[in-house]
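Taken from Swiss-Prot as is:
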BINDING   Arg11, Lys12, Ser99, Met100, Arg101, Gln162  substrate binding site
BINDING   Ser68, Ser69, Met70, Thr71, Ser99, Asn127, Lys194, Thr224, Gly274, Leu275, Lys276, Ala295, Gly296  FMN binding site
BINDING   Glu163  Mg(2+) binding site
Amino acid sequence: MLKDQNLDIERKQDHIEINLTKNVESTLKSGFESIHFIHNALPEINYDSVNTTTTFLGKSLQAPILISSMTGGTTRARDINYRLAQVAQKAGIAMGLGSMRVLLTEPDTIKTFAVRHIAPDIPLLANIGAVQLNYGVTPKECQYLVDAIKADALILHLNVLQELTQPEGNRNWEKLLPKIREVVNYLSIPVIVKEVGYGLSKKVAESLIDAGVKVLDIAGSGGTSWSQVEAYRATNSLQNRIASSFINWGIPTLDSLKMVREVSKDIPIITSGGLKSGIDGAKAIRIGANIFGLAGQFLKAADTSESLLSEEIQLIIEQLKITMLCTGSRTLKDLAKAEIRL
């Protein structure tokens, strides 16, 4: 057991370091580069009246942005999460925590995840890998994770390719959907299911919605490739070659968004995976997202300073607002109907 605990911590440290220092981008594009807004040269809107507010999980957001799940469990991760929470609270945006499985075996790691005292007002998302339900994690333990950080929802992330390219990865993905349904029925708060960078298909979205999942985070291809991250962690050439061969795997984010929105016009969708700017976020809103998530650039900024992170988030918000004005969109509902060309 101690060996497994140490491995969890070591893996989290590796993931931070590799994401900060190596090129782990997918060779696929997100797809949003193919979408272009029709410029409105006479928008007849005052910039100060552009309204980016929305609601998510019953709470108000000043902008439709999620700091996507990244890290936790280590001292460095604690510092990163504290900065993320501080800036998210000030900006009025949502925040996801990294995988909290380690908290089930190492209670002292709670201090690396517990940020509610820093961010009392924002939607805060707990997180654990869905496959852990096949390895002994119970609905009761999922509720414990939620309660431990006073979360507004629980993310169950789907990371099958990452697990299969990880030396110590979990390989049993059989009969997982019924267990997801059990967690949905047990928890006192909504369950979000999130991919980690390879996209959700129409068929998977249908199954998850039928199981009672309340929000989907499509996390398509075009951003961080976790198989590439695991290629850097490989302990031998065979593992490296296996992981590296999946650098261009997955459903591009735009395609996944369209697929999932076809399944349901009502399910809240978080769009993440390869979004680089508020302009990309605006495109996601236009195609059917409710909010959009970013991780990589926020991680790099948060590892440096709170001020740099604050500037990065302000950049995204200003890009979004300018895009809205230049498309004649006073609100996010207007943006969802803005003229585009493909």
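Including glycine, each Cβ sits where the backbone N, Cα and C put it.
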With DSSP assignments reduced to helix, strand and coil, which class does Lys194 (FMN binding site) get?
strand
Cα-Cα separation of Glu163 (Mg(2+) binding site) and Gly274 (FMN binding site), in Å?
21
Rounded inter-Cα distance in Å - Lys194 (FMN binding site), Ser99 (substrate binding site):
12
Once the chains shown are all counted, how many other Cβ atoms turn up within 10 Å of the Cβ of Lys276 (FMN binding site)?
17
Pairwise Cα distance for Ser68 (FMN binding site)/Arg11 (substrate binding site) [Å, integer]:
19
